[in-house]
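**Student:** Take a look at what TrEMBL says about it:
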type: TRANSMEM; residues: A:7-29; note: transmembrane segment
type: TRANSMEM; residues: A:49-77; note: transmembrane segment
type: TRANSMEM; residues: A:89-113; note: transmembrane segment
type: TRANSMEM; residues: A:141-158; note: transmembrane segment
type: TRANSMEM; residues: A:187-212; note: transmembrane segment
type: TRANSMEM; residues: A:224-248; note: transmembrane segment
type: TRANSMEM; residues: A:260-276; note: transmembrane segment
Amino acid sequence: MSELIQFIFSGLTNGAIYALIALGFTIVYNATEVINFAQGEFVMLGAMFMATFCALGLPIPLAFFLSVGIVALIGIIMERLAIYPARHASHITLIIITIGLSILIKGVAMFAWGKDPLSVPSFLGDTPIHLLGATIVPQKILVLIATLICVLLMELFFRKTMVGKAMRASAVNRLAARLVGIKVEPLVLLAFALSAATSAVAGVVISPITFATYDMGTLLGLKGFSAAVLGGLTSGLGAVVGGFVLGLLEAFAAGFISSAYKDAAAFVILILVLLLKPEGLFGKGATKKL
Amino acid sequence: MKNQYLALTFLAVVILTIGFLNHNDYYFNILNILFLKGLIVIGLSLLMGYAGQVSLGHAAFYGLGAYTSGILTAKFGWGCLPALGVAQLVTFIAALMIGLPALRLKGHYLAMATLGFGVIVYIFFKELISLTGGPSGLVGIPPLEILGKVFMESREYYFLFGGILFLALLGALHLAHSPFGRGLLAIHDSEAATVSLGYDTNRLKLIVFLLSAALAGLAGSLYAHFAMFIAPTSFTFLHSVKLVTMVVIGGVASLWGALLGAAVLTILPEVLTVFEDYDVLVFGAILVLIMIFLPEGLFKGLGKWIGQFRHKIAT
Amino acid sequence: MKKFLLSFILVSFLLVSTSVWAGKPYKIGALFSITGPTSFIGEPERNTLVMLVDEVNKAGGINGHPVELVVYDTEGEETNAVKKVTKLIVQDRVLAIIGPSRTGTTLAVVPFVERYKVPLISCAAGIKIVEPVKPWVFKTAQSDRLAVKKIYEYCQANGIKKVAIITVSNGFGQSGREELKSLAKEYGIEIVADELFGPKDTDMTPQLTRIRSKNPDAVICWGTNPGPAIVAKNMKQLGMKQQLFMSHGVASKKFIELAGDAAEGIILPAGKILVADQLPDDDPQKKLLLDYIARYKARFGKEPSAFGGHAYDAFLLLKAALEKAGADRAKIREALENLRGIVGIHGIFNMSPTDHNGLDEKTAFVLIRIQNGDWQLIK
């Protein structure tokens, strides 16, 4: 029993991270129909800035907001410099641009921070908490809380604010949105900023657990993307659920089946979901069977 | 097709000239790897440009070909040709298992399914240690032997790979200009319209997908014998992405463009050596710039530029 | 991938300025993973080699011949290594090659150096590199088997009978895992759990929970940063009190920094370089070690890692061989094979036609305990 709970804790923590990254994917996808392969690099940048600010001795809350803010700014710059000039190109061209950007960002990070992993202090200390026969460190609880807050804020933003509603409208039908007077370009910019920020949050909160390395983003990005696909790629809620499902599956596979094949287990589920329930767990049901 | 024959003849002449004039094995090896990548992108270009589908798992088909050939020859002492045959069968079955369900659906399901497939195959390469040699790789793969002829020199491989690439390109160009190819191109533009014209679009797409997987598998088998050693790190998701990038950089829907893309992405890193540690940065930047300024790819984009340039001179 | 223009410029500068060189330069090649996921191995190796070549040239070269060094980056990837090795052999016509850094890239270039008959001194640890012996292939890094023997000897002496192993799923982890499993019986040790983790995994508690349920006497973790640091932290969080052993893959201060408190008490085998100042004065390697550390620090501003030492030893061997053989690949190979008693950073090398590594566990590794955030030699 305590083992099962331990696996659930582990799965939820990793799942929360995947959920945040997946959320970033869906925000950009909804705004542009582009899969942003540089998404994982935002996670890395968040962790890296956090490590730097902590090393400079800044208080943790300040370091947190500075890191997230800077990464959001990088998201904006990236959109202006690389995505906006090519906005009329095909989706696949834009996707390749994001691949190039991810190579570029990773390269810059390698020079800026070096190749060794950097350590980040835990926000609330390292004393583990015992719960139902299992143990969990405060940082992991923090990861969960941060994820939930982020998801709630996003949900509020998209449901309750005018800008959020406009973004949802232009995701559903860009032309119609334009017709009712919504300016789409600033919304795309905002989407990049938001998606960079959510991913940066993921990077910041996980950095004390996993350390910060210049090449940590790629695999996390891939996992986050899989979670987004699992959730249907268009639904924010789906992305979050997809993230947690993926995290739990990995933990259960590592705990109960075999740690060697745990990643394979997660991706087998991904393929099965794709083929059996193609719209994803929470997709818009837009799939047409011909 | 007439223009294409002219271009093909030109390609053959270039391949032969380099083959006879060059004496530097380093150049041969770079070109050998380029030819193998060329084989894969020909299939991928047909799939992406003509059938409008993206595969994010072609490195896995490449790897399946390489590992099947490698394991059968290194561990079980098979001949190269029978092993290659089985490797083709394995990639074919794998592609069928993924393609059959995924291609019934409209949209990017093939991309997602092949992504998952690629990751799974990579994990099996790493974990089936008794067969694959695990993460540190499979040693002891013999050099290629066809009907008693053992390929040892880089130049011999060069002519073989060059010949195979030429034939594959010839076949692919014929296919693209046949009614079959026109049907595919129509899918890319409008699938519904194609169906109404009486094409079975699912079958067309599936056939192209199987073909492209088979070409990748063939390239993998050849690579295993050429390098005599394979390791999982050569067949990751990032390599799949790189293959797709080659096609897009060159220009989707153009076989010549895809080859150009493969050439640029294979040779560029060698040239960028002069930038020392900064080569990754330059590589990423070039990729972004090409896509921003030549969104239709190098082949068409450069063609346009040359056209404008001529126009300017004329006026 | 990087050609060291710097060393070229330096060499040509020396050529012009002194113009007393008796002979043509000896051109040697090197392949390291300077970028990519294993750059932490390749970078100190490159630095060390560049430093040594400069020093040799300043001191008058080898037999009056200056040394010219060409370094390429493999990015730790096999296809790349294959391209670069032919470039070194065919284009640059080097006499011998040092590297590559990883076992996988080394195995990838082996067919090519055998085909073109060029001596290769690898800096990677995998035992497959020299077993079976290949005429043209040597290596300086200690085989993982020696590290495993060191740990198991300690276990035997301290009554540890049941161990759990947790290894990273890459070439380094695989090699360690194979040796751990195959040597266990010899030392009367039972492996009760055999878990794996991915090089980029962020949480190992599921695997450790499984290990905990098997109740082993000790846990042995085999990997390179940052994974093992996460294992150490996770073990502490789970309240597991078993003795934790690590591999020489984490033998750098970085590991202590990453694992923090969780590093305390961990025992690992490592090259003597980590505890050079704690070695007894009669240790034949002590002087060389302290000297290397001081020189590296002076030039690069940080302490050298154990990996740099592999390149150091490779150059020592190659230099000794070049002194005997001159500019002839076959003679260099023969000279390498017959080198005896070369005192290097990671041991005393005694090559022979049947042993192309030339190390034994007596000199290659010492056991170290982490205490108060520093290394403590276990005597």
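Using the three backbone atoms N, Cα and C, a Cβ is placed for every residue, glycine included.
Curation does not apply to TrEMBL; its annotations are automatic.
For each listed feature, how buried is it and what is near it?
**Tutor:** Remote same-chain residues near the transmembrane segment (A:49-77) are listed as 42, 105, 113, 118-121, 123, 189, 192-197, 199-201, 203-204, 207, 212 (criterion: CB distance under 8 Å, separation of at least six residues from the stretch ends).
Sequence-distant contacts of the transmembrane segment (A:187-212), counting only residues of its own chain at least 6 positions beyond either end whose CB sits under 8 Å from a CB of the stretch, comprise 13, 16-17, 20-21, 23-25, 27-28, 30-32, 36, 39-40, 42-51, 64, 67-69, 71-76, 78-80, 83-84, 87, 113, 117-123, 137, 139-140, 142-143, 146-147, 150, 154, 157, 163, 166-167, 170, 220, 224.
Among residues of the same chain six or more beyond the transmembrane segment (A:224-248), those with a C-beta under 8 A of the stretch's C-beta atoms are 7-8, 11-27, 29-30, 35, 39-40, 43, 147, 151, 154-155, 158, 171, 199, 266-267, 269-270, 273-274, 279-284, 286.
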**Student:** Quickly jot the same-chain residues contacting the transmembrane segment (A:141-158) by Cβ under 8 Å, restricted to those at least six beyond its ends, or write none.
**Tutor:** 12-13, 16-17, 19-20, 23, 27, 123-124, 129, 164-165, 167-168, 194, 198, 201-202, 205-206, 209, 236-237, 240
